[in-house]
Amino acid sequence: MNATRRQLLAGGGLLVAFSMAGHGLAQLAGGGEGGAAPPPLRPDLPGSLKNHPVLDSWVHVPPEGRITVYSGKAELGQGIRTALLQVAAEELDVPPAAIDLVTADTARTPDEGLTAGSHSMQDGGTAILNACANVRMLLTRAAARRWGVEPERLATNGKAQVVAPDGRSLDYGALAAELSLHVEAIPNAPRRDPRHYRTLGRDLPRVDIPAKLTGGAAYVQDLRLPGMLHARVVRGPSYGTRLATPQIERARRMPGVVAVIQNGQFLAVVAEREWLAIQAMRVAQDSDYIRDKPPLPVDDGPHRLEKLPAREISVLNTHDGAREVWKTVRGSFSRPWYSHGSIGPSCAVALAEGGGLTLWSHSQGVFDMHRAVAELVGLPPEKVRCIHTPSAGCYGQNGADDVTAEAGLIAMALPGRPIRLQWMREQEFGWEPCGCGMVTRVEAAIGPDKRIAHWNYEVWSNSHNNRPVGAGGYAVAQEIRPGFPAPEPKPIPMPEGDGDRNANPLYVFPNMNVRYHFVPKMPLRVSALRSLGAHLNIFTIESVLDELALAGGVDPLAFRLAHMQDARARAVMIEATTRFGWKTRPRGDGRRGCGMAFARYKNIGAYCAIAMEIEVERETGAIIVHRVQAAVDAGQPASPDGIRNQVEGGILQSLSWATREAVTYDATRRTSFDWGSYPILRFEEVPGSIAVHVMDRPGDPFLGAGETAQGPTSAALANAIADATGARLRDMPLTPAVVKAAIGV
Amino acid sequence: MNLAITVNGARHQVDARPETPLLYVLRDDLGLNGPKYGCGLGQCGACTVQLDGKAIFSCVTPVGAVGDRPVRTVEGLGTSDRMSPLQQAFLDEQAAQCGYCIAGMIMRAQALLDADPHPTEQKIRAHMQTNLCRCGTHMRILRAIRRVAGIASDGAAA
Amino acid sequence: MVTLRRVTQSRLRWVMALLLLGLAGALIALALSWRPAIAPITPPARSSFAPALVARGAMLAKLGDCAVCHTRDGGAPLAGGRALATPFGTLYSDNLTPDPETGIGTWSASAFRRAMKDGVSRTGAHLYPALPYEHFTHVRDADLDAIYAFLMTRRPVHAAAPANRLIFPLGFRPLLAGWKLLFLHRGETPIDPGRSAAWNRGAYIVEGLGHCGGCHTPRNLAGGEIRSQAYAGGIAEGWRAPALNAANPAARKWTQDALVTYLRTGISPDHSAAAGPMGPVVESLSQVPESEVRAIAAYIGAKMGGGTAPAQARLPDHAGAAARRFPEGAVLFAGACAGCHGPGAPMMGQDRPSLALATTVRDGSATSAAQAVLQGIEPPVAGRGPKMPGFADALTNEQIAAVLGYLRARYTDQPDWKKLPATVAKARKEGAQP
Ligand code: FES
Ligand code: FES
């Protein structure tokens, strides 16, 4: 693979190539949302080492003191910092505490593209694993040279030492002094034997958690630089609006207001104190507003997408000979637009100084950002440094990129003063890109053998990938003068896909026709939300499988296994259902019911099977989730508890999406602006219990697990509702009113 | 204007206008990180601190309303070297993902445990209902609170 | 929903009166009070009820708000056990599911009708008028039978209501016969041929199942609704239920459309958000056909004097004067309230009503305004809608009083509320959990 991601995005030919590849098992490393790293220099190397083959871009072993490991991946609350430390500690064979890990800083770390798409372990973890194995190999060889023995006879002892069979030992530091790490990695440096792992696969407590429990400085919000000023943007209620008569002069006259920044329609207030900035923002914002984009389509919800012009993409088209049709199932499924709903609205700090600009950002894509912001503010990219600094979970492209670009613009107007810009809650709801609304349609049949005979599948979606790679990707780029045009939205090619992610079933079905209607025009501003299109595609596939199983009178688990050849997929399904007690589960009785679902994320990531037991309160339509059992195969787990934590979180977030979430809007603006108008799952509504089993796969390649639960959870819920009540619900959110309307009294 | 408030047992003079929400005084004047801005609308609980032992939203509590009532933030419970029992329980359960909600969660749960050291599962859930977590750390948060409350297992939702 | 699951205290003022009435007329009451038991039946099969009848019953049960009182927090719907706190002790609502032992499984349709219309249980015991049979008595038998069909086809839940805990001698139910003599006025709601069908349907719902007067009509010392002051405003669960007649304090006339929007969504842009005990009412009405809500709106709208379009009166905002008169309130408002209600705040960008339109702020009594500040507002329909935090633990009574004084002065042209701290203290007490 020598094409860069952008080359991939630009070309339509490759799409066809993948669609020809057949049964959805096509394997391709990199590409897609998570691969915007520089072009590969050494395609033979694993993970991001391809792009950065030189070892000292990953590891620094000083003669004295602590080892430093560099990663281009960022801590988003998913625990990647701890997992990467475990990987590095294991392959260097040192205690994790001996390592400093530097992450995602355009001035210091390798450019690994985005931290997204569950690629961090696959790409970044794999790179560090192999880089550290290389370094340990070089250290061992250096010791061998000193002692004049065969390197094979030497070992490391977990304490940053090489040891000889006779008990002699040498510290890494001493060896490093005579070693240059400015060399390219080799692809197959000897790896530590999984049977003797000291750190990898253990539940190492996350290193970032203590500060988060005790008020330590943990977030970009906590950054306090000397002389820092507080900024707020002044805006209409949502994307596509602007204020008619912003009260700029009134705000400017307020004591403590340092500046009012005005550039085209972009407005911001800057004050010595945060509370003053907020008050000045309110004063300036006391105005009517105008919609300056076409009205939002209020009718049809996501089904509007089916009426918009689309680019047709064939995902799969297979012909295995006509099969006899016994029973047919048809249906259309949908999900509305979702908000990322970070608990902390987006925030950034920017400082323009000495002709350069430094940005502290919680963007998932600091490397794209330093180029795109440079373009926006008119600096060469090397003058813009972007340092990833954690914040509240983002789950995709929330306002993080926009707020940083805006902070950069403000800082450029006030050189020498650090600018802390935080969006208000309602600005986050109103201006962040939403997760795409989507629609699917399926027509599928089983034959008399109770096997699937054919499978016709269509999906409609906007692009899930509008992450800024140039200045035009920021909302503010169309507010300032001169502005930058918004780029044309483009789909992500398979096998990762965006709207068609996971539209190609991992199951073996004959006669599949899977089409993606890529809708470039976007009723609402959209971009990546955790799992992209996989959520609705898996929801659809797994719902239809249950319908077909029901039509054929086959148990849903047996029906799935009958169509699945991938041994690991079968194993997680069997593990989850065995632990759940699937065979002896309570059968649907009008109220109680059980459902299961499975997917392998993107068909190249982690495997996840979910089984759940629910109860439907018939009088109200309320759904009570009693228990959830999951099984996940993410390859060699770095930290099983880290995976459990992510999957538990994914299950709850997916339940929240499926049961209550929807961005509401009228013709002029989004009307979801606070937690009252965008409710999410709360404590009284979370399940009675959730158990996540992590499969042990010693030494196997890492498979990202961060998004693997999103699709299967929503699908298992719909299947459980159908089992409980006989009602098949296809349009999310499955609110009590929807449930009640479907089941009657 | 100079106002005196008692935070984590210490008396502070702060130069803030009395309408300033306590959140900004705690963060910007006293340099505390525990209370977080999440919504500023009293709807998410990220800013939760204890005022006179009760859990309150510091984002909608004017500092001028505090008076002599003591304020406690997560910094007042324990440090990373010496955690309070509840903080330790959150650590033991690894009850955080991004962690942005967690300081507020701890302060709200602490207020419950101060008033009722052994609440039922239902009471814990009802009490925590006001605080949002988007990462879906709820099960672990509940486990951590149960640990301190002395309730053993996962309670059924029904 | 926590705040909504509380019982009316004032409705139970009849308890007080019972002491007088009951003792005075004890003998007569005793003689009159006796009612026979109605023979238990074997719970009928679900299939014995026509699905259409059950569906209509479900809708009527929504209009009657049955589940609101007959469901405890976290309990199964209609299985009762909700505590209704009174100054004289605590009542618990009955289990309406067809469980033969703890619910109404052995009740015949006629036993159910008698309970609804006469306030007498199947066993012959008098029921406390917390069950609003003064209104249900107007409901037609066919509708009662539909509700019966709905209830009898629910899942039986075995849940005995805890024993009532009332102070002596109020546990002595025959005393209730005397109360009924005075306040139970039987008979159907009369048809007014001069009015529209919608109005007449509205009258039937409002006076009967909807039992709107239960909260919106003032009660006398004995706890009976004062019929001569029907819909002049009452008290519910420590909140004030505003007048629904010409004395309604709304700044802009309630149009029928505005009423329909309000009753089905809990908010009207020209008025304010449903709060307190009105929340569950809206929740119920969001689930019945719009025509029924239109009928309610026609009837109530006519009572309030109606109107076709909201008068675009300029809304008062005396920020400066109010701040001079209530400086502490102004400061507290700026820090606690302005983030939502102030100019330039997010709610304003969403056309949410100004406080100058809030009935609670314009009402003659500060009670509901105090409750809204103390308890906050939860979105009534599907957890989605206006949401306001409660300030009970953040602000003292005096501070809330200062805010209320300021609100009143800033957003209305009405006279100041008197004795605000006492009103807030009382509201806090009455709003506390049973
Ligand atoms: S920040 Fe205070 S409740 Fe959300
Ligand atoms: S841990 Fe991220 S919001 Fe709760």
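Here the Cβ of each residue, glycine as well, is placed from N, Cα and C on the backbone.
According to TrEMBL, the feature domain 'Cytochrome c' maps to C:52-155, C:197-304, C:324-411. The heme c 1 binding site feature in TrEMBL is assigned to C:CYS66, C:CYS69, C:HIS70. Annotated heme c 2 binding site per TrEMBL: C:CYS212, C:CYS215, C:HIS216, in sequence order. According to TrEMBL, the feature heme c 3 binding site maps to C:CYS337, C:CYS340, C:HIS341.
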Cβ within less than 8 Å of chain B, restricted to binding-site residues C:CYS66, C:CYS69, C:HIS70, C:CYS212, C:HIS341, yields none
Taking Cα atoms as reference points, which of the binding-site residues C:CYS215, C:HIS216, C:CYS337 is nearest to C:HIS70 (heme c 1 binding site)?
C:CYS215
Got a sec? Which of these binding-site residues, C:CYS69, C:CYS215, has the most Cβ atoms within 10 Å?
C:CYS215
Distance from C:CYS66 (heme c 1 binding site) back to C:CYS212 (heme c 2 binding site), taken between C-alpha atoms, in Å
13
Mean pLDDT, the domain 'Cytochrome c' (C:324-411)?
95
Other CB atoms, at most 10 A from the CB of C:HIS341 (heme c 3 binding site)
19
Secondary structure of the domain 'Cytochrome c' (C:197-304) by DSSP, residue by residue, totals 50 helix, 10 strand, 48 coil
Rounded to an integer, what is the Cα-Cα distance in Å between C:CYS69 (heme c 1 binding site) and C:HIS341 (heme c 3 binding site)?
33
Can you tell me the CA-to-CA distance separating C:CYS66 (heme c 1 binding site) and C:CYS215 (heme c 2 binding site), as a whole number of Å?
15
Inter-residue C-alpha distance, C:HIS341 (heme c 3 binding site) and C:HIS216 (heme c 2 binding site) (nearest angstrom)
27
So, in DSSP terms, is C:CYS337 (heme c 3 binding site) helix, strand, or coil?
coil
What residues, ordered by sequence, lie under 8 A Cβ-to-Cβ from C:HIS216 (heme c 2 binding site) and sit at least six positions away in the same chain?
C:TYR231, C:GLY233, C:GLY234, C:ALA241, C:PRO242, C:ALA243, C:LEU244
